[in-house]
Amino acid sequence: MTMHDTPSGLNWDLGLAPPADGLWCGLRLVAELTQADQPLPADAPACLVVQGGMLRWVGPQAQLPAAFSALRRFDARDAARTGAHGAAPGAPGTLATPALVDCHTHLVYGGQRADEFALRLAGASYEALAQAGGGILASVQATRAASEDQLFALAMPRLQALLAEGVGAIEIKSGYGLALEHERKQLRVARRLGQACAVTVRTSFLGAHALPPEYAGRSQDYIDLVCQQMLPALAEQGLVDAVDMFCERIAFTLAETEQVFLAAQQLGLPVKLHAGQLSDMGGAALAARYGALSCDHLEHLSADAIAAMQAAGTVAVLLPGAWYTLRGQQRPPIEALRAAGVPMAVATDHNPGSSPALSLLLMAHMACTLFHLSLSEALAGITTHAARALGLQDSHGLIAAGRPANFVLWPLQEAAELVYWLGHKPACTIVRQGRVVRDGLGLLDRPEMPVLRDGA
């Protein structure tokens, strides 16, 4: 496995990172993000037991079963420094959360679209740029021109920036190839990224993202190609975990969306949908009828669609970065989603056009300030509900016994600070897949172990 230098300063190889097996003591757990074996008192430290890379016990430190008492200890109680970003004096321990989950990204692409940013600042609309051959199609041209290795090299620092912030699972879409060989290239890069960084990657085939220029005026022919050739071939090669598409007036119709969903259903693949970003075409209600994992964007959403999503258990994925960048005027109907009990996730939507964002914590902050989520909703949105949006609810997004050890320790006084600070990158300790891939809090008692500490 190759070591990777990144702008974040991380330089690690999971194969060299030490195992996290032992007792992680002196912790403060977030009740909403934890399934404990015993009730968690608010004023007493908690403990996690890791064995074989799995969480074996979660609960109050004072009630730790004797069978685990002889295990190696990682004492985090005094690890978080006092001060502006440190633990409060007398706090019961160091804050611990599940590893974060970024459930909507377009991480693999060529080029960038800073020129369009300048045009939008001068008054051009997202739709006008797309209709003029820019937007998604500009990224298609750059992505088609890049080799697989070039796309991998471009995507690696983007992924590493998210991992350094505590992300432990991520979705990566295709959709900038719009031809079999180029969609395959994107999805292969996504798989390689997951293997190289030993991070959980869920791929989404987004072949119906936009109409490629060679199919101008022949939308139905292209959808037939997607359903009859591209999707079956990519699924057979094991490159597709879910099927996504863009149902919008500048993209594809409701009937075309259903055709793609039927093709996915025949292959046993779950679906998700870019829906209601610019207008309400009924896509969210349709996606819910097909049991979609998620509907994403949702600025324009009817009451009937909300009811359908609730009944289907479909997650509403909020993308404040895109709304902010495109100067959105209509917010997603948060109150109605909340009242209906629809789970809400938050994601970066990292892409070169509408959301060049590489901080999931910043997106959580924006979801609160721009969309009026509560702090607890935002935290669940980047952990528990985000995992559900990827079908990973049984393995990610929650600290619980029986799950892989994927958690983060933060030098913060309270969980609200994860959402509160702007642009702050806490020196966290990260455990992923049962190994300590970063020890920003300096908890390891064997300094010769090859784990990055601050300044390394």
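From the backbone N, Cα and C atoms, a Cβ is placed for every residue, glycine too.
D349 (Fe(3+) binding site) falls within neither a helix nor a strand when secondary structure is assigned with DSSP, and so counts as coil. What Swiss-Prot lists as Fe(3+) binding site is H104, H106, H274, D349.
The Zn(2+) binding site annotation in Swiss-Prot covers H104, H106, H274, D349 and rests on sequence analysis. Neighbour count (other Cβ atoms within 10 Å of the Cβ, all protein chains): 25 for H106 (Fe(3+) binding site).
Sequence annotations record features per position, and here Swiss-Prot assigns 4-imidazolone-5-propanoate binding site to R113, Y176, H209, Q277, S354 based on sequence analysis. Within 10 Å of the Cβ of H209 (4-imidazolone-5-propanoate binding site) there are 26 other Cβ atoms, across all protein chains.
There are 24 other CB atoms within 10 A of the CB of G353 (N-formimidoyl-L-glutamate binding site), with all protein chains counted. Residues or ranges marked as N-formimidoyl-L-glutamate binding site by Swiss-Prot: Y176, N351, G353.
Here the candidates are the binding-site residues H209, Q277, N351, S354, and by Cα distance the one nearest H106 (Fe(3+) binding site) turns out to be N351.
Rounded to a whole value, the Cα-Cα separation of Y176 (4-imidazolone-5-propanoate binding site) and G353 (N-formimidoyl-L-glutamate binding site) is 12 Å. Nearest by CA distance to G353 (N-formimidoyl-L-glutamate binding site), out of the binding-site residues R113, H209, H274, is R113.
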